[in-house]
Amino acid sequence: MPLNKDIKKVLVIGSGPIIIGQAAEFDYSGTQACQALKEEGIEVVLVNSNPATIMTDKEIADKVYLEPLTVEFVEKVIEKERPDSLLAGMGGQTGLNLAVELYEKGILDKYNVKVIGTSIESIKEGEDRELFRDMMNRINQPVIQSEIITDLDAGIAFARKIGYPVIVRPAYTLGGTGGGIANNEEELIETLTSGLQLSTIGQVLLEKSVKGWKEIEYEVMRDSFGNCITVCNMENIDPVGIHTGDSIVVAPSQTLSDKEYQMLRSASIDIINAVGIEGGCNVQFALNPHSFEYAVIEINPRVSRSSALASKATGYPIAKVAAKIALGYGLDEIKNAVTGMTYACFEPSLDYVVVKIPKWPFDKFQGADRALGTKMMATGEIMAIGSNFEAAFLKGIRSLEIGKYSLEHKKFKDLSMYELRERVVSPDDERIFALAEMLRRGYRIDMVSKITGIDIFFLEKFRWLVEEEQKLKQSTIDDLNREWLLKLKRRGFSDKAIADMLKVSPDEIYRLRDIWHIKPAYKMVDTCGGEFEALSPYYYSTYEQYDEVVVSDNKKVVVIGSGPIRIGQGIEFDYASVHCVMALRKQEIETIVINNNPETVSTDFSISDKLYFEPLTEEDVLNIIDKEKPDGVILQFGGQTAIKLAKFLKEKNIPTLGTTSDQIDLAEDREQFDDLLERLNIARPKGKGVWSLEEGLEEARRLGFPILVRPSFVLGGQGMEITHDEEELTYYLTNAFEKDSKNPILIDKYLMGREIEVDAISDGEDVLVPGIMEHLERAGVHSGDSITMYPAQNISDKIKEDVLDYTKKLALSIGIKGMINIQFIEFEGKLYVIEVNPRASRTVPYISKVSGVPIVDIATRIMLGERLKDLGYGTGVYKEPDLVSVKVPVFSTQKLPNVEVSLGPEMRSTGEVLGVGRNVFEALYKGFVGASMYTGDKGKTILATIKKHDKKEFMELAKDLDKLGYNFIATTGTAKELREAGIDAKEVRRIGEESPNIMDLIKNKEIDLVVNTPTKANDSKRDGFHIRRAAIERNIGVMTSLDTLKALVELQKEGAHNRELEVFNLI
């Protein structure tokens, strides 16, 4: 039992949905913390709204409440479960803010709940900008000249006093939300207004900019006895001015002198002692590159994105140790699981280099402002480990899955030196490639350092890489000798990069490596620089001499992970990968994971028998397979990242378990799939590929509007749009053919029907459908952005029978062994198939949890040769539960300047929440609350701007809203129609007309909800785009689908928002 015998039942608060600034790292830390508590015999009650997480599984906590993370709902959980303690530091900013709110509202005192780990007072001192600054002054730690600002005028006055540029840092926000650098008064007014609105306490720190100084981070641990260690220090390659979440980070720091390192280490320990942290803490410093002057930027008094990175970089389990400290243990009493000999008070040492590179979502948001600053915009990140910086860096580049294997980027070749300089001085997500092009053209390193703030050490490394690339380009395969190839491999060059530059195939380089015996060795991440023997089977590749992998003769399977979190491929696939690993280990099969994401549970070395932290490219995966010689490889759970390796592995005669490469092709190739549907007599929306505007218009006239148009090769609905008439179609096709005239545009009849989705399991003979899901928004909204209901609420028994029949026919005809995801449309009483994915999908965690069927476990056992009828869950459609569960998408568009907000065929959500209720209205209300959507609880003024095709339907909803007490503001046309329908509506002027116009009302927050159905989504020149953006940036609700608005109307008519709602333990 723990040292503190009073702790028997602990409430752990999770971090909620994945959003920019708060991603999978909190599932990793939360899972680790829950396991650490259970190890001590403590009952764990978890509350988290995100169903896609491992931490909300029944194996991780004793009680799981998938409920909204609000004071109201968490109080209900506390009242029902009566925990004696609360662990707040594992749920990111969300968990921290909620713990402070529960404390300040007296709820923790009311139920006698003690906060364990870092106290509320210490959290406040770390998070409140004024308290933190005062504390730093008391302990003589330098802070940047700053002022706490709570109103605009005071901010302007302070900026005039200290001079521009200034940095705006809102209190209690996530990922720098609402903040930024202001170079002049006009920019300050805009940024400060946003920051004050988005801070939960209306407080902003305005500070003198030290843009260009080095940004250094220390991850520190402290126990309640005052023992303190630094786990890891990290250096941002990008200087201060770019959010650390958007910076390339290297560990350990590469450019600090011993004096600088020790100076900042001592400062970190002084700060963590002064604040009174008990657990983990991240300290960020700005360091003047020309002197020993430094300043404390901020601390995070909790586990964070950086602590997940530090954990994976060192092998030191920060969240687990923090949880043990919260129970009263000292660092000298907690065993290091990696070595099994040393204790947590032993500081890790690294004999390798780790590089983290962010993964940005700009492929999904073509019009987005890509400029990087103090507001975080990355959705995820990759980590790479190498025996030198260059090797780790190049591994990182190829791990990003952006089609780059070196520092060369075609788009920068034609830019002038002036244009390149502009791209480097005003950094964006592609700056590193522009910088490499400057070095390629001979730009002096000292000048590049001066204009970028990047240390000469890193620039010299980049220059060496660029020079080697140039040498290769000027050579042939005959010039390549063993010595040169070995040098290139040691510095991280992939076979593909070398082959591309020598204009040969990667197989040719692989063949030479085989002849010359140039094979990677695998080293262990051991926390102690080889000083003690390690037990952890956690490896990275290097081309040095000694190999530390022990290859067994056991039956073994490789599981390919899903790589970095990005829109369309999120934490759901890590969930599936981890469950696959658990299922294999239960069958006593040696399980090997390959992945490169430092935020996830799958890259926790305790999850699998062996973990290879490597890029998910053909070469890197093949090297591991060559080494381990597994009995099979599983690709089904790693999303598109894993599936796209299927063809390559087949060519290399490597067995994949479950569905084969040919079967994947059958499902994903449009022509083959259309032939299959015809043979099976299954309908799909009519359509074809067109090559010109004229052909497109002719096909549209044949099919009849509305029409769904999209490029022929897309993922995640990229570039899809619904057009309602010839004018809209002409606009789309003209732009599409201008961008790409070499591929056809697909034109399908758009069926405005109900979308239905299933995740099914097949063993080649039978099929099990754990549940039939219904989408709330009609077809045309990407399935990942739709509200999803289970059990389905509006589907007839006849359609359910057809769903099962079509699922069976498709799964058995394709030859699925394992998982299949199918999306249907029900239109005018008939069922159509719109998409088949021969793998796990993003709905797997949701349907697993709410149906009670362990989908991934069953699918994995089928891949190993078992049959559905022997696994205890039957076949056909599984029985429906009593409770209704609604999955609601969550968006991060507020954090991405100039991106589209409206729902459509292209996926934009970053995460999801679950709402569980006795009926669909209760579940929807909880889902809306959990997703921070508009619920009508705070204000009832609606701005309506509705396109002509939607006006008739909107008028019916407006009548209901009018009866519910809503007020309407509308532009001339809509206002006139509302009045004609007997609804009072205030008229407002359009954008660009004299004040007060629409924009004035939004800026003054005189509107509570914007209902805007877009005429042309993604067109940033149109009024609708500006209205949606202005509203979302001011935390005003926006609905662009009348189906979502109808759901709001129905739950209000049912009074779900006024009921005393229950909370449900899903175990």
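A Cβ is built for glycine as well, from the same backbone N, Cα and C atoms used for every other residue.
The region 'Carboxyphosphate synthetic domain' annotation in Swiss-Prot covers 1-401, and the record cites sequence analysis as its basis.
Residues or ranges marked as ATP 1 binding site in Swiss-Prot: Arg129, Arg169, Gly175, Gly176, Lys208, Val210, Glu215, Gly241, Ile242, His243, Gln284, Glu298. Sequence-distant neighbours of Glu215 (ATP 1 binding site) (same chain, six or more apart, CB under 8 Å from its CB) are Glu235, Asn236, Asp238, Pro239, Val240, Ile242, Thr244, Ser247, Gln284, Phe285, Ala286, Leu287, Ile297, listed in sequence order.
Model confidence over the domain 'ATP-grasp 1' (133-327) is summarised by a mean pLDDT of 92. Per Swiss-Prot, the feature domain 'ATP-grasp 1' maps to 133-327.
Per Swiss-Prot, Mg(2+) 1 binding site is recorded for Gln284, Glu298. Glu298 (Mg(2+) 1 binding site) counts 16 other C-beta atoms within 10 Å of its own C-beta, drawing on all protein chains shown.
The Mn(2+) 1 binding site feature in Swiss-Prot is assigned to Gln284, Glu298; the stated evidence is sequence analysis.
Glu298 (Mg(2+) 1 binding site) falls within a strand segment according to DSSP. The Mg(2+) 2 binding site feature in Swiss-Prot is assigned to Glu298, Asn300.
The annotation Mn(2+) 2 binding site is assigned in Swiss-Prot to Glu298, Asn300.
Residue counts for the region 'Oligomerization domain' (402-549) under DSSP, split into helix (H, G, I), strand (E, B) and coil, are 78 helix, 11 strand, 59 coil. If you look up Swiss-Prot, you'll see 402-549 marked as region 'Oligomerization domain', on the strength of sequence analysis.
Under the heading region 'Carbamoyl phosphate synthetic domain', Swiss-Prot lists 550-932, citing sequence analysis as support.
Marked as domain 'ATP-grasp 2' by Swiss-Prot: 674-864.
In the three-state DSSP assignment, the secondary structure recorded for Leu751 (ATP 2 binding site) is coil. Listed in sequence order, Pro685, Ala779, Ile825, Phe827, Tyr832 are the same-chain residues at least 6 apart in sequence whose CB falls under 8 Å from the CB of Leu751 (ATP 2 binding site). According to Swiss-Prot, the ATP 2 binding site annotation covers Arg710, Lys749, Leu751, Glu755, Gly780, Val781, His782, Ser783, Gln823, Glu835, on the basis of sequence analysis.
Cβ neighbour count for Glu835 (Mn(2+) 3 binding site): 16 (other Cβ atoms within 10 Å of its Cβ, all protein chains included). Look at Glu835 (Mn(2+) 3 binding site): DSSP puts it in a strand. What Swiss-Prot lists as Mn(2+) 3 binding site is Gln823, Glu835.
Positions annotated as Mg(2+) 3 binding site by Swiss-Prot: Gln823, Glu835. Sequence-distant contacts (6 or more apart, same chain, Cβ under 8 Å) of Gln823 (ATP 2 binding site) comprise Glu755, Ile756, Glu757, Ser783, Val833, Ile834, Glu835, Val836. The secondary structure of Gln823 (ATP 2 binding site), as reduced to three states from DSSP, is extended strand.
Per Swiss-Prot, the feature Mn(2+) 4 binding site maps to Glu835, Asn837; the stated evidence is sequence analysis.
Here Swiss-Prot flags Glu835, Asn837 as Mg(2+) 4 binding site.
According to Swiss-Prot, the domain 'MGS-like' annotation covers 933-1067, on the basis of sequence analysis.
A sphere of 10 angstroms centred on the C-beta of Gln284 (ATP 1 binding site) encloses 20 other C-beta atoms.
Annotated pair Arg129 (ATP 1 binding site) and Glu298 (Mg(2+) 1 binding site), C-alpha to C-alpha distance, rounded: 9 Å.
Maximum C-alpha to C-alpha distance over the listed ATP 2-binding residues Arg710, Lys749, Leu751, Glu755, Gly780, Val781, His782, Ser783, Gln823, Glu835 is 19 Å.
Within its own chain, Asn300 (Mg(2+) 2 binding site) has Gly126, Cys281, Asn282, Ser306 as residues 6 or more apart in sequence whose C-beta sits under 8 angstroms from its own. The binding-site residues examined here are Lys208, Arg710; by Cβ neighbour count within 10 Å, the least packed of them is Lys208. Cβ-based neighbour count (10 Å, all protein chains) for Asn837 (Mn(2+) 4 binding site) stands at 20. According to DSSP, Arg129 (ATP 1 binding site) sits within a helical segment. Each residue contributes its Cα atom, and for Arg710 (ATP 2 binding site) and Lys208 (ATP 1 binding site) these two points are 48 Å apart. Cα of Asn837 (Mn(2+) 4 binding site) to Cα of Gly780 (ATP 2 binding site): a distance of 18 Å.
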